[in-house]
């Protein structure tokens, strides 16, 4: 439980009556007030309005609950309790009292008023609500800075002094880029303090601060991606009593609150997910005439995008073992591992391929990853076995649409074709899909691949050497358990045809717009899981 306790006190004041009410049987359900975006294992994800069955409320900050068949931990401050289970009545505020943000979080009031509700409130009440939220944001930021300082000075610096216990790789895995986050957050809070109106908090203009620092928030992506590895390494070290005593001594010397190190290291993951919730609440009580309104609205969109992209990167890292397993199943593999340059399977399919200067058509199975496309050949007898036949470096090629008819470069008639043209030479590859729909899927796949590469470069996303080693070890362990080489996956069946008239293909990839339905996946368990790595999902 300790590792899941949030360390932002202002966000996680508990509803002290809840354990008694639940244990007494008069309350067994709660309604989600805010969306809960999960970043750690065993957490329960939900959206505002979802009904949660509370199974355990013994901890004042985090409860154990159930939605349908899913169970997990969730913040008690994100829900409001139902007093009457039959009438679905939530805990109400005292009539005539204006709820504060902390009361909203603790289930005393509805945290999702409609725009009309906000407009109908007296101006004085709206200003007070906005002031309360601003004060809450400032308070949580100051507490968060204190926790970051404790991690850096109380744990990280002490660990660096003990070279007999920690090497550089271990420190990098456990703490990631926590010092970068600390430095960034201090600058962000300094700017917030400048915009904070201490006498009239509701007049504060904090929206521009988020917009000015929006690029800096991307450093959280690296930390969140590394967090699972940090937990695994800490779990391994904690099996040794020396490390338990060392970390506890660090906490006592720094005079930190009574929470284990894994709980402290979870705070940046939680913090980046809380920003959209705080900004959404602030926007509700900011009238459009307020000078901060458009900045808060823009900041909310920015921070939602940041958290969405971080979740997407985390999903990709969780899939790297499947990619390593797929590579192990391909026979006669040559050259670098896929994970040395790639982390996502974008699209896959079978096409005819002609490559200058040979000009002979060959049928191959192509796997498009970020940065590269792998070519494989199916076994003549065992059609579910793949042989490695090469790869194309996508960073060096442009995608060119090819019109149906006679192709001048290859002097052959083509249909449903496109080309890959080398940026630095005359080398050209031409690919022929069986149907127009399949060609359009490939064009969309190439477009998505380039977009993914650009976004990764922007935020510095990459797979660490530790994560690569972990994936390779997992595959070797699976292979050893089977007692033989990884069983090659079955090849997926042909794609289902799509409805005509959905596609508009312009003169260039940038002008093209595509909408694609989900192709049928293979029935093989391995192929089914591996195919899900592609972004073409309904």
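Cβ coordinates come from backbone N, Cα and C, glycine included.
In TrEMBL, the annotation region 'Disordered' applies to 478-504, one of the ranges 451-477, 478-504. The region 'Disordered' annotation in TrEMBL falls on one of the ranges 7-34, 35-62, 63-90, 91-118, namely 91-118. For the domain 'PH' (344-451), the mean pLDDT of the prediction comes to 90.
Here the domain 'SH3' (25-84) has, by DSSP, the following mix of helix, strand and coil residues: 3 helix, 31 strand, 26 coil.
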